[in-house]
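Undergrad: First the structure, which I've put down as C-alpha cells, then a few questions once you've had a look.
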Amino acid sequence: MVTNYKGNPEAARTALEQMNISYDDDTFLKCVEEGNTRAVELFLEAGIKLDAKTMYDANAFMLAAHNGHVDILKLLLSAGVDVNESSEDGVTALMVAAHAGHAGVVELLLSRGANVHAVSSSGLTALLLAEDNRCTDVIQLLKNIGAGE
C-alpha cells in the first residue's frame, strides 16, 4: 500500500526508518542509483535537498539518467529539478543517458525540453556520446529532433 506523506515530512522520515533507510544525502543518492523508487519518493516527501552530489560531481538527476531510472527522473522533475542542469564541466543528464544508451530516458528528457544542442566544456554533445558507444536507437532519436545540425 502506497501512502502519501505530502505535507508531513516527519511521517515520511518515519516511513524511511521503518524500511531501515537512513535519512541522509548519501543514502538518498544510493537509493536513486539503485532505482528504489519508493524510497526516493519518501525522501522527496520528507524534504531532502536535491543538491547532494557524489564524489564524482553526479547529483541524483544524473545518477537516475545514467542508470535508466525513468520513474525516478519523473519524480525529480516533478520536485523541480531543471531538465537542463549540468555538472561543473557542462555535462547534462541527456548526455549521460545518451552515452549509456537509455533510449527511454532520452525520450523523457527530450519531451521535457532537454537541450539537444548542449555542449560540455570538453566539446561533447549527447549525439557525440551516443555515437561513441554506438547507441543506434539513441542516435536516431537525437537526429530526429535536429541534433548535429
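Please read every residue number as a count from 1 along the shown chain.
From the backbone N, Cα and C atoms, a Cβ is placed for every residue, glycine too.
These came from TrEMBL, pasted as-is:
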REPEAT    56-88  repeat 'ANK'
REPEAT    89-121  repeat 'ANK'
Undergrad: In terms of Cβ proximity under 8 Å, which residues at least six beyond the ends of the repeat 'ANK' (56-88) contact it?
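TA: That would be 28-29, 32-35, 37, 40-41, 44, 50, 94, 96-97, 100, 102, 104-105, 108-109, 112-115, 118, 120.
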Undergrad: Give the mean pLDDT for the repeat 'ANK' (56-88) on the 0 to 100 scale.
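TA: The predicted confidence over the repeat 'ANK' (56-88), as a mean pLDDT, is 96.
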